[in-house]
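Undergrad: Handing you this structure, nothing more for now.
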Amino acid sequence: MSKEKFVRNKPHCNIGTIGHVDHGKTTLTAAITITLAELGGGKAVAYDQIDKAPEEKERGITISTAHVEYETEKRHYAHVDCPGHADYVKNMITGAAQMDGAILVVNAADGPMPQTREHILLGRQVGIPAIVVYLNKVDQVDDKDMIELVEEEIRELLTSYKYPGDKTPIVKGSALAAVEGRDEEIGKNSIIELMKAVDEFIPQPTRDIDKPFLMPVEDVFSISGRGTVATGRIESGVIKTGEEVEIVGVTATKKSVCTGVEMFRKLLDSGEAGDNVGILLRGVERDDIQRGQVLCKPASITPHTKFEAQAYVLKKDEGGRHTPFFTKYRPQFYFRTTDVTGEVTLPAGTEMVMPGDDAKFTVTLITPIAMSEKLNFAIREGGRTVGAGVVTKIIE
């Protein structure tokens, strides 16, 4: 079987279905693939293929996630759907499935439920820029006023988490009707309307290559007569020979110039997001740079030691801690390529964090790390992952 070539003729966007358990997220995912496949936008994927999602490991944490892809006239989409609530929490916090936008599924008969609220809150914390709502199972509600009340409740909930509740598209339908090919108005047509809303309301993300240059330093060596080389995988942007760079984190920020980019032992003029490269640096000694720092476009990122985080703490049976932790807990925080010790301060009113919780707290690191909001990290104790988190706000 030769692999199909991935043709990039449309902008790409990553989305996912979120919402309360049994409100129809997986059925909707199947309905989208089936409806768009009929219109020539990808392959139809059945419910049971999505539901038995494979397990993946991301930052030492096992997550079950199903990935499907499809196309509208406007975009190519990669779509994630998770079977369990804990998988969503882990996925959103570890950034395992980067979401540029989300489809919030709400059962019209139930209205917003606890996990509906939690997923919206997480979306806000991890920086999901836009949410579109699918009001599912509308054929199970006879009272039109009831549906209007639920819609109003969803808008208020979105607004309370700083999403534009009044402007958010809410599409009413039945994902099951679309899968079973009946009741076109609430079935197939609702899916077409939903995807139109997703196309228009979810903004096109900035591609990694269009962001400022950043490369986490993995290794450093000196080549006699040439200078110092830092190796790593370029996370974002483009680097060209002759451009200025900064070395940020751990110690005081230093400036240098890229005098060459190497890939597969060949010298290139430039490297871009996704490339594993060696970058030759002018006037930098072997000891001036170390793993844990980043090379970046000057003034694009700054080093910090204190931040607010949202984190998921592994349960005992996931290989996590057996006991809760309290303020003054001092694990290692693994950012990009390195562990840094930090101290946790829990918010007022939170006495402790139990294994299996997702929690908010403040961290103070012992050495500065180049960071910006939305940066993911693992929480480790002696090399063993006990949690994962995301920087939600930088303090100093």
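The backbone N, Cα and C atoms fix where each Cβ goes, and this holds for glycine too.
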Undergrad: Give the range, chosen from 49-52, 81-84, 109-112, 289-292, that Swiss-Prot lists as region 'G3'.
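TA: Range annotated as region 'G3' by Swiss-Prot: 81-84.
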Undergrad: With the ranges 19-26, 203-210, 315-322 to choose from, which does Swiss-Prot describe as region 'G1'?
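TA: In Swiss-Prot, residues 19-26 carry the label region 'G1'.
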Undergrad: Between 60-64, 150-154, 160-164, I'd like to know which one Swiss-Prot lists as region 'G2'.
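TA: It is 60-64 that Swiss-Prot annotates as region 'G2'.
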Undergrad: Do you know which of 136-139, 252-255, 384-387 Swiss-Prot annotates as region 'G4'?
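TA: Result: 136-139 is the stretch Swiss-Prot calls region 'G4'.
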Undergrad: Mind pulling out the one from 19-26, 81-84, 136-139 with the most Cβ pairs under 8 angstroms to the region 'G2' (60-64)?
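TA: Answer is 81-84, with the largest number of Cβ pairs below 8 Å.
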Undergrad: Counting only other Cβ atoms and using a 10 Å cut-off, which of the binding-site residues Cys82, Val138 scores lowest?
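TA: The binding-site residues Cys82, Val138 were compared, and Val138 has the fewest Cβ atoms within 10 Å.
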Undergrad: Within 10 Å of each Cβ, count the other Cβ atoms, then let me know which of the binding-site residues Lys25, His85 comes out lowest.
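TA: His85, out of the binding-site residues Lys25, His85, has the fewest neighbouring Cβ atoms within 10 Å.
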Undergrad: Measuring CA to CA, name the entry from the binding-site residues Gly19, Cys82, His85, Val138 that ends up nearest Thr26 (Mg(2+) binding site).
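TA: Closest by Cα: Cys82.
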